[in-house]
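As recorded in TrEMBL, the features of this protein are as follows:
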- 480-492: compositional bias 'Basic and acidic residues' (COMPBIAS)
- 498-507: compositional bias 'Polar residues' (COMPBIAS)
- 510-520: compositional bias 'Basic residues' (COMPBIAS)
- 480-520: region 'Disordered' (REGION)
- 62-80: transmembrane segment (TRANSMEM)
- 92-114: transmembrane segment (TRANSMEM)
- 160-179: transmembrane segment (TRANSMEM)
- 186-206: transmembrane segment (TRANSMEM)
- 226-247: transmembrane segment (TRANSMEM)
- 259-281: transmembrane segment (TRANSMEM)
- 308-333: transmembrane segment (TRANSMEM)
- 377-396: transmembrane segment (TRANSMEM)
- 579-599: transmembrane segment (TRANSMEM)
- 605-626: transmembrane segment (TRANSMEM)
- 638-658: transmembrane segment (TRANSMEM)
- 664-682: transmembrane segment (TRANSMEM)
């Protein structure tokens, strides 16, 4: 049993190659990223979630629920930013869980995320078909809608609209193009959506009347309606969460993701707040029919021109929403296929994963047979579940005894001294190869004091650089020696001594070097084309990173805590897990108690106060634990950790367990169980990492006794002791 547990909780080896190397082409800048996230969130909010919340869930109290949703999203975005900077990979929650928690939990996280993304895409396609029929007054529905299933079915939709499948096929054709093309289309659609929505909102604003809130009763659906609306409004920010699936295709993600997420949260919240207030004040929302669409509100107000304009806006916005909703699902499929946890098909293109796009289109087309209300409830209550997962992973990162991912780098130091002269020394170590002697340092007389280059550095810096250069030369000799022993003829060195030489290598010579045991240059060659990447191959991946111009050493802080021993660190980590489990359990029990037994009585108040006191005790104990911030400095860090994390968890758990329908909860449990069964049916036996072992090339041949530097540069999957 213990052997099986170790195998299903096996973790991915996280090294520099995994963290920094990627075959995806980085095509997304800040405008395209904002457009993809914005068009998906705005279309979800305005045309899917907002009419549902106003008419069936919370009524005018949707405005109050939006405030709590903003607090949750604001802190959750900070957690997402931290974990994205730590491990800037597509589907970062999946990869982080794979590296820290284990393979089975990571697969379940990816599985439920995939089902959620597919449900979102199917929901967008259904909403697009409904608004397209509204724009053309139902004419397409007369010829493209067919009765297939029984009306008594609780899951399957009685009618199937061919427009839903047609929208998925159009998206398939567009996604086969470059991601930049998809982003450009979303930019155009977002601009049109914002302009038309702003004009229609202005029209509704002039017809707003506070008397409508009084007629509708602000808390018409009670406090459970507010909790339900909080979960629904959290789903409106799905575009922000989807950016975590495109990190490897984003330019400089670790520098930009934090600012972009904060900007999106503030802008989207402002837009949502204006929309919810305006439309809730324009009419008595509780008197509207349950299936009403937002453009039809202007029919109630008797403004047909605004209805037509908003119908055009809805088609444009939902078209962009369909495009953006396909992207995260395809990236999850590609990640699972790459690790061979689902049936594998290689995608050799770095523009778009063709197999994943095709499979996603088939799944979304099948969603046309499911009722829209089921998809909507599933998407609404999957949003807090995924946010809880993100917060828990960041919580683990802060208490894990070992550093995880990439720490804060000194890339900003590269900009120092662009106009300065380079500093060199005569011991063979040079900061800049373009200058070879100390005499070449020329200082202009008109330079001010800030432009003087510093010639006195810490001796440790130069010793470190000297050791690095010696290590690089020894690595070069070892690789050349190994290549000469494997082949009888003279061969070109497999490792360039500078990054600039990678692209100047002769392609024919590199093809000649191909053999069963050879080195592969990830910078000059593409991994996915010629390399079958099979687990029995002995492929060694070589890669290079830019080194900062100037060394950087962090100074000691007297206020920083002293690092504890390893035993104390693991004890602290285990204690943090126990306290977090108790905190989540008591919060869930408190929410369930309020949902089922809340009454205006003394006993109910006393029990509620008891729950709150116990939750506060666990919160205080968690805050007293020492985090692992002394190990390394993170690129992005959650402010007020762990108080902000526990506050977000409390709101999410109370909202989820206080409002989730039993039917939807059963669907969530069923999807999770299918993930377990799918893993044991295929992923457990075919996992790419089931025979992974480290390969340290420097330890194969020992020349001197000074071999103390042993950088790991690859993976050897041919030898393993466990299966």
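The backbone N, Cα and C atoms fix where each Cβ goes, and this holds for glycine too.
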Residue numbers, six or more beyond the limits of the transmembrane segment (259-281), whose CB comes under 8 Å of its CB atoms: 30, 33-34, 37-38, 41-42, 45-46, 50, 53-54, 59-60, 62-63, 66, 70, 73-74, 77-78, 80-81, 197, 201, 204-205, 208-210, 212-213, 216, 233, 236-237, 239-240, 243, 294, 297
Which of 308-333, 377-396, 638-658, 664-682 contacts the transmembrane segment (605-626) most, counting Cβ pairs under 8 Å: 638-658
Interface present between the transmembrane segment (92-114) and the transmembrane segment (664-682) (three or more C-beta pairs under 8 A): yes
Tertiary contacts of the transmembrane segment (226-247), as residues 6+ beyond its ends and Cβ separation under 8 Å: 28, 33, 36-42, 44-45, 49, 52-53, 57-58, 61-62, 64-66, 68-69, 72-73, 77, 80, 83-84, 88-93, 117, 120, 179, 219, 253, 257, 260-261, 264-265, 268, 272, 324-325, 327-328, 331-332, 379-384, 386-387, 390, 651-652, 654-656, 658-660
Long-range environment of the transmembrane segment (186-206) - Cβ separation under 8 angstroms, sequence gap at least 6: 31-32, 35-36, 38-39, 42-43, 46, 274-275, 278-279, 282, 297-298, 301, 303, 306, 309-310, 312-313, 316-317, 319-320, 323-324
Contact set, same chain, for the transmembrane segment (377-396): CB under 8 Å, 6 or more residues outside the stretch: 49, 72, 76, 79-80, 82-83, 93, 96-97, 100-101, 109, 112-113, 115-116, 119-120, 123, 228, 231-232, 234-235, 237-238, 241, 576-577, 580, 638, 641-642, 645, 648-649, 652-653, 655-656, 660-661, 663-665, 667-668
Proximity verdict for the transmembrane segment (62-80) and the transmembrane segment (160-179), three or more C-beta pairs under 8 Å: no
For the transmembrane segment (638-658), distant same-chain residues with Cβ under 8 A (at least six beyond the ends): 68, 71-72, 75-76, 78-79, 82, 224, 227-228, 230-231, 234, 381, 384-385, 387-388, 391, 394-395, 398, 583-584, 587-588, 590-592, 594-595, 615, 619, 622-623, 627
